[in-house]
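Now, the feature entries from TrEMBL:
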type	residues	note
DOMAIN	B:6-116	domain 'Acyl-CoA dehydrogenase/oxidase N-terminal'
DOMAIN	B:120-216	domain 'Acyl-CoA oxidase/dehydrogenase middle'
DOMAIN	B:229-374	domain 'Acyl-CoA dehydrogenase/oxidase C-terminal'
Amino acid sequence: MKDGFRALLAGRFGREALRAAVGSAEEKERSLDRRLWRELGDAGFFALRLPEADGGVGLGLPEAVLVFEEAGSALLPGPLVATHLAAGEVKGAATGETVVTDVDGQLVEWLAEADHVRGDASGARAIRSVDPLTPLHRVGSAQTGISDAAVLLTAALQLGSAGRTTAMAVKYAGEREQFGQPIGAFQAVKHLCAQMLVRTELARAAVYAASVTGEGLDAAGAKLLADDAAVRNARDCLQVYGGMGFTWEADVHLHLKRAWVRSAQGPTAAQVEERYAAAL
Amino acid sequence: MDLTYTEEEEAFRIGLREWLARTLPMLPPKPDPLDWPARRTYDLGWQRRLYDAGYGEVHWGATPTQHLIFLEETEEAGAPYVGANFVGLLHAGPTIAAEGTDEQRARWLEPVVRGEEAWCQGFSEPDAGSDLASLRTKAVRDGDHYVVTGSKIWTSHAEVADWCELLVRTEPISPAAPKHRGISWLAMPMDAPGITVRPLRTLAGSAEFAEMFLDEVRIPVANRVGEENDGWRVTMVTLSYERGTAFVGEVVACRRTLGLLAAAARENGRWDDPVLRRTLGRLSAEFGALWRLTQWNVSEAQRTGGVPGTGGSVFKLRYSHARQELYEAAAEVLGPDSLDLAQEWTADRLSSLSYTIAAGTSQIQQNIVAERILGLPKGR
């Protein structure tokens, strides 16, 4: 399942498609690739956790986090979590014919593109999103209840990004030469990469375990660690890339910006930390 | 990730829990931490009770999952630590079990599991710390003996040990061969003539380590575990144990400490500080994830049937720092009392400083992770 989905993404949303999407977003044609969305539906991405009797794949959260991790790794754009959660409740969501977004705290992603909005988006105001591939609207402070599954799947997206930026940094450090050797031979660079792996693996343990226990506190903790891994790994990857990392052309900034957006969705670090403190 | 336990494993857990509940109230009072002979007696006595109850070989005879359950349950019940048995049970023992001959296993493992003999570790030297392979303590063959001369440092439990797992150089360092070739692993009887032990006081004030000077100590060739000059590989087996499962009980203890810290902070009013609250909350989430990582590493070891792997380096890198952060937070909870050595958390704060150094500094661990897991090129 994970491998099949990875292959689908590699074929349909590889680096060229990613950069093409960024390019068209630049020209204010910020549109979701509806054909890809339906292919995701055909592949079972949205119906993954629906019972087979209801036309779903009949799998659970442990499998869902694996495919969301792949989506995060590929920087797949769109309201993936909201549409996945709407499968079986909103017509067409399961098959990818309907694009569903939800009001997540003070932000709504892909509002103009969505066919269905869950939550109250009245008075929504478009902002110039920092992430070129995630259009955003600001809404009032109406906080809707965010489900534990939404929190965990967002964490899985972050985990995927953290793993990808680690791999990008390691690859770059092994190829880029300065002072007559790959920069990855310098300990200062090695240690940045090692810490990226440590963050990724700690977040992975938390995300996978939360998908098995199904506990809300575990999901929140997984999001805390995955947010941290995604944001800080993107920062360290940028550092390993050096000047190249500061360019629009390198993909590093796309990971950092998406990680910022995902961090702001669902419970923030402060909220999760307070929740863990209260449970002590 | 498999977090479920089999019926057999659950039965093992329940049997152990019941035995602990019956046995712990019968233990003698804990000895003075500075009285080494008394600590040896206490620690070996505890191991004897474990042996009599059928748990003597749990550190290497059980499945990794049973071992994990054992470490978790004993910690949660407040059972004694391995203490003077640490090297015998978690270091030399697993190495002999994995690399020794049948005869060697029979000679050395049985007294360890029966709580009759204690071991110490003779690896580091004054000039060979992180760069362990540059060790210079030399062993010269004389008939069926090695004659060993040199000095060792950080030799834990040396004063009360019967045996020492000793790394020696059986082939001098030369430009022709990598320096990790030419090292051999020997079991040295601590009563052999020519051994001088000098306690080494740590910044925590205790003397759990020692320096050891070896002057032409004769060790039978039969005490060598593994082939001559193959001691480095034998040692790597030992170190992977130390980085793999050796900290399981401590993670459980850290999670309990967090709860105690929160209770103390609520009591003395420091809980009103949101920065402290959030620090404790984050640490709680992190230690939860570290526990999951431990379970995962153990189930991987069980699945692959091998010794704990490099995942242990990833764990140790984060755990050692998280432990230090935990006791920094404890100092904030204590306020001025954090300067009182009578406070248990103050002593723990001091001892936590060794965690990013012992068993490979964080810097060396990061090199290991970068080179062996991520495949980055070796360099200077």
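Cβ coordinates come from backbone N, Cα and C, glycine included.
Remark: secondary structure over the domain 'Acyl-CoA dehydrogenase/oxidase N-terminal' (B:6-116) totals 83 helix, 0 strand, 28 coil, with classes taken from DSSP. Computed over the domain 'Acyl-CoA dehydrogenase/oxidase N-terminal' (B:6-116), the whole-number mean pLDDT of the model equals 90. Remark: secondary structure over the domain 'Acyl-CoA oxidase/dehydrogenase middle' (B:120-216) totals 6 helix, 46 strand, 45 coil, with classes taken from DSSP.
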